[in-house]
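Peer 1: Have a look at the structure that comes next, please.
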Amino acid sequence: MNSLMRKLTANADPAPSTPSPSEFDPSESVRKGKSFDLGHGSEVFHVPRFFPAEQSWAWFDYLNKHVPWSRPTLRIFGRNLVQPRDSCYVAAEGLPAISYNGHSPRAYSWDDFPPLKDILDAVHKALPGSRFNSLVLNRYDGNNDYVSWHSDDEVLYGPTPEIASVTFGCEREFLLKKKPSKMSPASGDEPKSKRLRKSHDPDQHSFVLKHGSLLVMKGYTQRDWLHSVPKRAKPMSIRINLTFRCVLR
């Protein structure tokens with residue numbers, strides 16, 4: 001943890017609020033973003049510096065200390081495995097329960113953690129027309145914590161879910177790769193490991209998600225693409241990631 005982070009952590013208000021409009025205007029900040037057309041109705045929108053740094057550190061400190069993080073045991077391919085990151089789930093009242101890999105997380109209320117409502121409000125202002133009603137929080141406690149390749153294509157999110165991802169703390173690499181198509185021709189006899197090393201591969205993308213950044217996946221991204229946050233060899237500090245979603249009632 002660097003000296004700036006320690007200073008801000010020590011002085012952080014226990015329940016920070018969103019900066020005033022004169023300090024931070026979500027609709028203005030989002031103009032610094034860039035859209036990436038992945039083709040066939042899939043799109044990613046990335047704002048490397050969406051939230052102001054000091055407010056982001058205050059939120060980081062609050063979430064790190066006050067969210068009831070857990071690391072559940074999951075059932076994957078017939079084996080019980082501990083999830084390689086901490087998580088928590090927040091949802092509006094009356095939404096259907098979610099479940100993954102044999103785990104059904106408790107749904108906390110938005111009122112349990114007031115700063116989350118400030119962050120949600122800023123995201124809604126930046127993305128007119130979006131209406132997120134649930135949130136999955138993940139905490140990566142170092143370089144060995146990760147999330148493997150997957151897509152958030154559950155029926156409860158609908159066919160074209162919009163998912164907004166906010167990062168606080170240590171920056172991490174976010175990877176996207178195209179799902180294999182059963183209709184596409186084989187890639188010849190070239191080894192897969194060699195194909196993956198090719199640069200400018202249109203079926204693979206990488207984003208560095210920095211402190212205070214916003215990344216939005218839209219359209220058919222969950223249907224056609226996989227994403228992950230891989231392990232890294234060098235030591236890393238804590239990263240907290242918020243993924244805002246809309247569960248269909």
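Note: Cβ is positioned from N, Cα and C throughout, glycine not excepted.
Note that TrEMBL annotation is computational and uncurated.
Feature list, courtesy of TrEMBL:
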- PHE77, GLY78, ARG79, ASP153: substrate binding site (BINDING)
- ASN138, TYR140, HIS150, HIS227, ARG239, THR243, ARG245: 2-oxoglutarate binding site (BINDING)
- 189-202: compositional bias 'Basic and acidic residues' (COMPBIAS)
- 131-248: domain 'Fe2OG dioxygenase' (DOMAIN)
- 1-32: region 'Disordered' (REGION)
- 180-202: region 'Disordered' (REGION)
Peer 1: Hey, which of the binding-site residues PHE77, TYR140 is the loneliest by Cβ count within 10 Å?
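Peer 2: Comparing Cβ neighbour counts within 10 Å for the binding-site residues PHE77, TYR140 gives PHE77.
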Peer 1: Reported in the order helix, strand, coil, what are the DSSP residue counts of the domain 'Fe2OG dioxygenase' (131-248)?
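Peer 2: For the domain 'Fe2OG dioxygenase' (131-248), the helix, strand and coil counts are 12 helix, 52 strand, 54 coil.
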Peer 1: Counting only residues 6+ away in sequence within the same chain, which have a CB under 8 Å from the CB of GLY78 (substrate binding site)?
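Peer 2: Long-range Cβ contacts: none.
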Peer 1: Express the distance between the Cα positions of THR243 (2-oxoglutarate binding site) and ASP153 (substrate binding site) as a whole number of Å.
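Peer 2: Between the alpha carbons of THR243 (2-oxoglutarate binding site) and ASP153 (substrate binding site) there are 14 Å.
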Peer 1: Run through the Cβ atoms and count how many others sit within 10 Å of the one on ARG239 (2-oxoglutarate binding site).
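Peer 2: Other Cβ atoms within 10 Å of ARG239 (2-oxoglutarate binding site): 23.
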Peer 1: If you draw a 10 Å sphere around the Cβ of ARG245 (2-oxoglutarate binding site), how many other Cβ atoms fall inside it, taking every protein chain shown into account?
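Peer 2: Summing over all protein chains shown, ARG245 (2-oxoglutarate binding site) has 20 other Cβ atoms within 10 Å.
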